[in-house]
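Input: a single structure, listed below in structure tokens.
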Amino acid sequence: AAMVKETIRVYARVKPPGRRQQAGIYSVDDDEKSLSSLEIIVPHDLADGFVNNKRESYKFKFQKIFDQEAKQDVVFDSIAKPVAECVLAGYNGTIFAYGQTGSGKTFTITGGAERYSDRGIIPRTLSYIFDQLRKDSSKVYTTHVSYLEIYNECGYDLLDPRHEASRLEDLPKVTIMEDPDQNIHLKNLSLQQATNEEEALNLLFLGDTNRMIAETPMNQASTRSHCIFTIHISSKEPGSATIRRSKLHLVDLAGSERVAKTGVGGHLLTEAKYINLSLHYLEQVIIALAEKNRSHIPYRNSMMTSVLRDSLGGNCMTTMIATLSLDKRNIDESLSTCRFAQRVALIKNEAVLNEEMDPKLMIVQLKKEIQELKDELALVTGKERTSELSQDELLQLDELIETFLEDNDPDSTLDVGADMRKIKYCFVHVKQLMNHSKISDKKLLSQHISEEKDTNKEAGEEELKKLKELLQQRDNEINILVNMLKKEKKKAQDALFQLNAASAGSTVLEQSHSINLEESQSSSSCFSLKEAKDFSSSVHRLPFLSRQTGGKMSLGCQEAFEVFKRDHADSITIEDNKQLLNQRFTEAKCLGEKLNEVRNKINHLKGEINQRHVQRAALAISSPSEELYTLDPVEEKLRTEIEEEKKRYKTMFNRLKGLKVEIEHLQLLMEKVKVKLQKDFEVWWSEESINLQQENPEMVSSPNTTTVYPRFIKSSQHLSTSSFSETTRVSPNEDPAGKNNSITSNNPTLKTRTPPISSTSIPLTGDSQADADILAFIKARQNILQKKGKSCQ
Ligand code: ADP
Ligand code: MG
């Protein structure tokens, strides 16, 4: 098989700074032809504290360095596209991002949650791969995706649609199994089939949302866990038993930050330890791989290194992106990221074309071939070679021979069918008859027959021998394959289980309610954007949102959420995206209308051509002339017009398709921001509740205020699914100006700490939980208004 030996390609990407621009910390020497180099300059004031004060600048080589202004499409084109191409050709690929928390790993791998143009490597790769698959009709492709999160040496399946996790522990646990050939299998990781870009993106968003929901401030999953999104592709030429399988891992590693050992002056950096133990093991693996003559590579020390074993020094084309957040505070982390990258760049991988025979298919093919051979054999030898002809058959044959011999018609034949036994019997019988009579022309006949018989027999026997040999050969092959299959089956039991789970699971994701492009081509239908516009349709696609909503959200909580939503920074993003979405809808609608126009025009032109045909046919009858049999210039003109309209139709149609993808992406982005908003609110809400309880324990009759939090998780989702499409709506309980309330932003008393309103002035419900909510809300509102008051001054 084809093999590509290559060292791991290592790129660097520098994140744009937050607010303060710091010049002179690093410089990039970008050489188009060879490697680029990154120089990190350690400021004098820092140089003392760590590393070695004799050096103040460090140089690192990278395949290419993407500086602050590099856009996502450029990063995709140079880093991910070549890998995606290899994966399409049947090689394994891995792209992993390594860097400290906040340096842009997730931004690079998955993308930003705000703008469509911010989508990262995963969605762009999916889009690219499905585009390529569509273009290649020479093979049959199957694609699956999986999404694994590893936290604390435990794997979790982010794509299992049966689970509606609100905590990481609720997700199905994935474990590693190693077969006798030391291949790694991931038990419980579902492989979801994705037949197109849209399905794959939905799965990605499902996983990303599970990833976000599962995260609590306690476990800090996003900085402490590794996430591996994998695209599995298999391809086969029609009719062939050879299958190519390849995997593309897109990996967002845990933050690489370290803790420095305190109290060891001067050598803090070199003694610093990873916060995340598995990154320590990753480094061990990298070091071992870089060493020559090292036979044992400690992959098994952690789940992450086990899962990525092939990506590191194995059968894979691997690429690393070192993400850097290059400001003063992060110089030590950036240096260690770069050092790690330099080591990784030494590792050699050997990617082989993953071709295998499908034993099942092979057996089917061989069985067919054998049947054909048997038929052929039967034709030459007679069907059941072992058994004798029955008495009836013999009598029948005698009769046939007699009739044949008595028939004077020179054209008469003796036809006993393609059965060697019968043919042989006939010869024997005729021979006997011949021996009994001495008639000369009968002799002649017999001679003629026996000659024929000899040649026939010779040829037949030779062929028989050949066919028998072939049959033997095929039998052996089948035996071997059956054994192979048995072995394979044992090995693949685990994989098969996952496949089953996947096929069962994939039905859960509903077919999306999208603009039906196929339908739009038929002449009668029009574009229906209504469904696409109905935001709730995209909500149905994400099962976690449609989960049971349990109890209702209390009034206070609801109102607080509205206020929170308004003041939250993300609401701007939501509004922006909403506007953009509306714009796109209008565009799509407009395009749809135009498409209909063009279609009508085409139909009209077709009508004209038909009319023209009828006219000319009538003319040909009434006054025939030569001219009528030549090409009709008018018709030609109409045809060119149709062609042009068709071209227009096609371009518009493709644009509409692009719009559709963007619209769907925007909807999912909004969904994500929204979930994040809820989570932020939940955290804020429980904090507020606790504060309230601590400050005024007598006000809260509920002994356990923190229970507000879990109750809210469910109810807020209920609220949002129904009201998100109208975020601008003012809730009936809302008092945006705060005019009717004694707590207003104009109230100067609020700028100092005011005691909570006494319980008599607000309509308490008597339900202790609801009352706690209301009180918490009022308190929260005071805080918000106070903050607003301050910022206004
Ligand atoms: P990590 O995953 O490494 O912890 P993130 O990808 O979450 O880091 O990035 C941290 C923040 O910086 C996010 O708000 C992200 O949107 C932003 N960010 C990162 N890289 C870029 C970039 N290249 N351009 C713009 N914003 C970025
Ligand atoms: Mg991250």
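Here the Cβ of each residue, glycine as well, is placed from N, Cα and C on the backbone.
Note that TrEMBL annotation is computational and uncurated.
Note on TrEMBL: of 132-184, 291-343, 450-502, the range annotated with the feature coiled coil is 450-502.
Coiled coil is the annotation TrEMBL gives to one range among 5-46, 215-256, 593-634, 635-676, and that range is 635-676. When the neighbouring Cβ atoms lying within 10 Å are counted for each of the binding-site residues (Gly99, Gly102, Gly104), the highest count belongs to Gly99.
Of the listed binding-site residues, namely Gln100, Thr101, Ser103, Thr106, the sparsest Cβ surroundings within 10 Å are found at Thr101.
Highlighted in sequence order, Lys15, Ala97, Phe107, Gly255, Thr323, Ser325 have their Cβ within 8 Å of the centre of the Cβ atoms of Gly99, Gln100, Thr101, Gly102, Ser103, Gly104, Lys105, Thr106, the residues recorded for ATP, and are not part of that set. Less than 6 Å separates the Cβ from ligand 2 in the case of Lys105, drawn from the binding-site residues Gln100, Ser103, Lys105 in sequence order. Confidence in the coiled coil (450-502), given as mean pLDDT, stands at 67.
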